[in-house]
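Under the heading region 'Disordered', TrEMBL lists 43-221. Here TrEMBL flags 46-98, 135-149, 157-169, 190-203 as compositional bias 'Basic and acidic residues'. Annotated compositional bias 'Acidic residues' per TrEMBL: 99-109, in sequence order. Residues or ranges marked as compositional bias 'Basic residues' by TrEMBL: 204-221.
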Amino acid sequence: MGPNMKNLKKRKVVAEPRVEEINFDSESRQEWLTGFHKRKVQRAKQAAEHAAKQYKEDKKATRKKIREERKKDFEQAMEEHSKVLQRMKEDAGDISDKEESDDAWEGIEEPPAVDYEAEYIDEDKYTTVTVEEMDASREGLLKSAHEADTDNEEEQEKPVETKEAETKTAKKRKPRSAASEAARKKKRNFRYESKEVRRETMRKQRNVKSKKAKARKEKDA
C-alpha cells in the first residue's frame, strides 16, 4: 500500500447533519402563491410615490434656478442703471461748469430805450399816447418840465379860441322865428355813416394827429 492510502485511513469522515423532515406553513405558502398581484400593485404604488417625490424635487430645483437667474439679471440691470446715472451726473456737472463759465456776470446791462407812440381809437374819440425814455439829467428834467408847460398852455388856449369862435358864430346868426325853426328841423335828414366810412374818417384823423405830434416832437428837439 502506498502512502496515500495511509493518509486516507487516517482522515476522519465528518458527516453532515441530515434534514429529517420538511414542514411548510400553509398560510405563508398560500400567501406566497396568491400574492403576485398584490406585490405588483405595491411596487407600482411605490414607483408612483417615488416619481411624485422626484417631480417635486425637480420642480423645487427649477424654481430655485429661476429665482437665482432673475436675481442675477436684476443685479446686472441695477448695475447698468447706476452706471448710466453716474455718467449723466458727470455730463450734467460738465455742462453746469461750462454754463457757469459762459454766464460770467458782466455787470448790469442797460435796458433798451423806451420810445414809442400808441394810438387808441374809438368810434367817437381818438387819443394818441407818446411814451419816451426819461432822461434823469438836469437838462432832461428841465426839458420835460418845459414840454409839460407848453402842453398846458396849448390846452388852455384851445378853449379860449373855441369860445371866441362860438361868440362870432352867434353874432353872425340871425334870430329865427318859431315856424322857420320847426320847418328847418323837419327838413333836416339824419344819415348814419357806414362802418367803412367811419373807419376811413378815423384813419384820416389819426394821420393828422400823428403828423401834428411828430411836428411838435421835431420842434421840441
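Numbering starts at 1 and runs along the chain as it is shown here.
Glycine is treated like the rest: Cβ placed from N, Cα and C.
Remember, TrEMBL labels are computer predictions, not curated facts.
Here the structure is a predicted model, which means the values were calculated and not measured.
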The compositional bias 'Basic residues' (204-221) - residue tally per DSSP class, helix then strand then coil: 17 helix, 0 strand, 1 coil
The compositional bias 'Basic and acidic residues' (46-98) - residue tally per DSSP class, helix then strand then coil: 53 helix, 0 strand, 0 coil
